[in-house]
Structures are given as structure tokens and as C-alpha cells.
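Participant: First the structure, then my questions, so here it is.
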Amino acid sequence: MDDLQQLVQKLQNTRHLEKEEWAALIRGRTDMLAEYVFSLARKERHQHYGHDIYIRGLIEFTNYCKNDCYYCGIRKSNAGVMRYRLGEEQILSCCSAGYALGFRTFVLQGGEDGWFTDERMIHIVGAIKSRFPDCALTLSIGERSKESYQALFQAGADRYLLRHETFNAAHYSLLHPSSLTAASRQKCLWTLKDIGYQVGAGFMVGAPGQTPEYLAEDLLFLEKLKPHMVGIGPFIPHHATPFAGEPAGTLEETLFLLGLIRLLLPKVLLPATTALGTIAPNGRELGILSGANVIMPNLSPANVRENYTLYDNKLCTGAEAAAGIQELKDRMCAIGYQIVTDRGDSRM
Ligand code: SAH
């Protein structure tokens with residue numbers, strides 16, 4: 001057994017590594033080391049969640065955004081985007097369609113759109129929770145005030161996804177304009193957790209300027225925050241952003257990090273993301289085989305889907321769309337897993 005394999009064992013035994021150890025693992029990745037990580041990660045995952053895969057119906061309800069993140073295709077300065085908002089009735093009909101397909105978690109995701117005031121969001125959250133009382137509702141609508149988060153929780157929202165994007169402040173400011181800071185992003189996550197949400201943090205793999213040391217800091221932050229969910233996927237360039245010419249993150253590094261995160265937080269809810277499915281045709285299957293246990297198919301109405309392009313070539317049809325759930329079920333069955341009709345709450 002070599003030094004890096006020993007580090008992986010240490011991670012599994014203690015759920016902790018020092019920063020230099022994380023960086024060494026990430027820098028020293030080989031196919032053999034990755035296979036070792038995946039086999040341990042699958043064992044953990046099977047112990048806590050068996051071979052079940054939880055699904056979440058993703059409703060991208062607005063692509064208006066007041067922010068200008070350098071990597072994101074729906075950033076404010078991209079004038080080439082056809083902007084749209086879904087109304088409450090449209091959102092509810094996405095949920096109905098999803099419910100019939102077996103979804104018991106809905107995720108409302110959008111840009112930071114001032115039109116969706118607390119009052120409007122509270123109304124939408126209340127309507128969804130009263131129509132679908134056996135479903136969990138996740139929000140992913142960026143940074144808001146503590147009062148706003150509190151009011152939405154009170155209205156019935158159960159979970160909140162807010163990727164921290166990168167822990168390191170200098171790296172954060174390489175990816176975002178100065179109006180956005182790592183500190184404020186992280187503070188939101190602590191606040192959400194405090195209020196009682198199941199929270200999801202996460203980051204892009206292979207984001208411009210990312211180093212093994214920065215990734216090590218991300219993993220140390222996850223250890224500290226102990227989120228219920230962690231969303232990671234490869235960075236994929238969008239042609240109309242400042243990062244148009246940057247290389248995408250790799251499949252191999254993303255899978256490796258999925259496996260490591262499963263070993264760090266054994267009970268975490270870990271999606272094989274759309275971005276992962278976008279960079280490789282079997283990306284989602286490989287994600288599941290690396291330790292992921294969640295998939296988030298798209299429930300947005302077909303006519304708006306192509307306008308929610310965070311990055312180029314984003315998948316939104318076939319097994320990627322909620323309506324393609326049978327194909328997804330078949331594909332997961334083929335690798336020995338089953339999609340279940342369940343809220344899929346965290347076991348933490
Ligand atoms: N406005 C919400 C939702 C953001 S979109 C929020 O602030 O949380 C969801 C995630 O997509 C982001 O957190 C980011 O990590 C990811 N994303 C954005 N642009 C991307 C790109 N070019 N490649 C890969 N992932 C991207």
C-alpha cells in the first residue's frame with residue numbers, strides 16, 4: 001500500500017485530513033488510486049443509502065439575475081439571453097407533472113431576480129407545500145437576508161442549495177465581481193443551517209485559477225460546515241462570458257472529488273450533476289459509481305429550458321429531462337441501482 005492509499009484510509013477512519021494531505025491526494029490522483037477511492041466510497045454509500053437513487057425535480061423558474069459571475073451564462077451582462085420568469089401557476093403545473101412521474105422533491109432554482117420578492121416567494125412556497133404536502137421543497141435562489149431565509153423557511157421550504165463556489169477569498173474574487181465575496185456567501189450558508197434548513201454547499205471542479213490547495217480549502221470548509229448536501233460538477237465554459245476561452249474541468253477529477261467527499265461526509269446527499277452528464281455521455285452513471293446518490297432531472301417547461309444555459313451544451317432532453325425518467329431508470333438499473341419515489345431526506 002502506498003502513501004496516498006494510506007491517506008485515503010486515514011480519511012475513511014478519521015473523516016479528516018490536513019490541508020497538505022488533501023492537496024497531495026488531489027495532485028497525486030492516478031486511475032488506480034481513484035478506483036480505490038470509488039470502491040470505498042460505494043461501500044459507504046451502500047451502508048447508508050443502499051442502492052437507492054433519490055431524484056429531485058429541478059424547476060429553473062427565472063433566468064433574470066442581478067449578478068455578474070464571470071463563469072455563468074445567465075450573468076447580467078449577457079445581453080444574448082432571452083430572459084423569462086415562470087408564474088406561480090406554471091411552477092405548480094411543473095410540480096404536478098413531476099409528482100405524477102414519482103418526484104417527491106422539487107427544487108426551485110433561479111438567478112438572483114428581484115421580481116421574486118419575499119412576498120411572492122412565500123406565496124409560491126406555501127402553494128407548493130399545501131398542494132404537495134408529502135414533498136420536500138428546496139430553494140436555490142442565491143444570497144438573501146437572514147429575515148428572508150427565515151420567512152421562506154417558515155412558509156415551508158425545507159432545504160436550500162447555495163454552492164460556496166470556492167472557499168478561498170482571493171480565488172472567489174477571481175471568479176466574481178467585487179460586489180460578491182466569499183465571506184458573505186459563507187455567512188449565508190451558516191445562517192441557513194442555523195435556521196434549520198437542510199443545506200447544500202459545493203463548487204465547480206476545474207474552475208479557472210483553481211489549485212489543489214484551493215480544493216483542499218474547500219474540503220476543509222465542508223468538514224467544518226457539515227452540509228446535508230454537496231453539489232459539485234465540472235466547470236464548463238460559456239461562450240458569452242469572460243471565461244469563454246478557459247478549459248473545462250475534467251470528468252476524472254470531478255469523479256475523484258465525488259468519491260473523496262463521500263468518504264469525508266459518509267451520509268451526505270451527493271448529486272451526479274447535469275454538468276457531469278454534459279461532459280461525458282455516461283457521466284451520471286460514473287458519478288453514481290463514484291459515490292453519488294442523487295440525480296436532479298429537469299422539470300422546467302420545454303420552451304424555456306434552452307434559455308437557462310449556465311454553460312454551453314447543457315443537457316436538457318432525454319434522460320436529462322424529467323419526462324425521460326424511464327430512460328434514466330433503465331440506465332441506473334443497468335449499473336445496479338434503482339430510482340425511488342421518496343423525499344430522500346438526509347440521514348444526518
Ligand atoms: N443563483 C443561484 C443559482 C446559481 S446556478 C445561486 O446563486 O446559488 C447553480 C450553480 O451552477 C452555481 O452555483 C454554479 O456553481 C454552477 N454554474 C454556473 N455556471 C457554470 C458553468 N459555466 N459551468 C459549470 N457550472 C456552472
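Cβ from N, Cα, C; glycine included.
Okay, these came from TrEMBL:
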DOMAIN    51-273  domain 'Radical SAM core'
BINDING   Cys65, Cys69, Cys72  [4Fe-4S] cluster binding site
BINDING   Ser140  (3R)-3-methyl-D-ornithine binding site
BINDING   Glu165, Arg185  S-adenosyl-L-methionine binding site
Participant: Nearest of the binding-site residues to Cys69 ([4Fe-4S] cluster binding site) by CA-CA distance, picking from Ser140, Glu165, Arg185?
Facilitator: Glu165
Participant: For the residue listed as '(3R)-3-methyl-D-ornithine binding site' and Cys65 ([4Fe-4S] cluster binding site), what Cα-Cα distance in Å is obtained after rounding to a whole number?
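Facilitator: About 13 Å separate the Cα atoms of these two residues.
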Participant: Fill in the CA-CA distance, Glu165 (S-adenosyl-L-methionine binding site) to Cys65 ([4Fe-4S] cluster binding site), as an integer in Å.
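Facilitator: So the alpha carbons of Glu165 (S-adenosyl-L-methionine binding site) and Cys65 ([4Fe-4S] cluster binding site) sit roughly 17 Å from each other.
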Participant: Beyond the listed site residues Cys65, Cys69, Cys72, identify every same-chain residue whose Cβ lies within 8 Å of the center of their Cβ atoms for the [4Fe-4S] cluster site.
Facilitator: Asn67, Asp68, Tyr71, Gly73, Ile74, Arg75, Lys76, Gly111, Leu310
Participant: If you measure Arg185 (S-adenosyl-L-methionine binding site) to Cys65 ([4Fe-4S] cluster binding site) at Cα, how many Å is it?
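Facilitator: About 16 Å separate the Cα atoms of these two residues.
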Participant: Starting from the Cβ of Cys69 ([4Fe-4S] cluster binding site), draw a 10 Å sphere and report how many other Cβ atoms land inside it.
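Facilitator: Cys69 ([4Fe-4S] cluster binding site) is surrounded by 21 other Cβ atoms within 10 Å.
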Participant: Just jot down the residues in the same chain as Cys72 ([4Fe-4S] cluster binding site), at least 6 apart in sequence, with C-beta under 8 A of its C-beta; none if empty.
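Facilitator: Set apart from Cys72 ([4Fe-4S] cluster binding site) by at least 6 residues yet with Cβ under 8 Å, we have Cys65, His238, Thr241, Leu310, Tyr311.
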Participant: Tell me the coarse DSSP state (helix, strand, coil) of Cys72 ([4Fe-4S] cluster binding site).
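Facilitator: Its secondary structure by DSSP: coil.
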Participant: In which DSSP state, out of helix, strand and coil, do we find Arg185 (S-adenosyl-L-methionine binding site)?
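Facilitator: Assignment for Arg185 (S-adenosyl-L-methionine binding site) reads helix.
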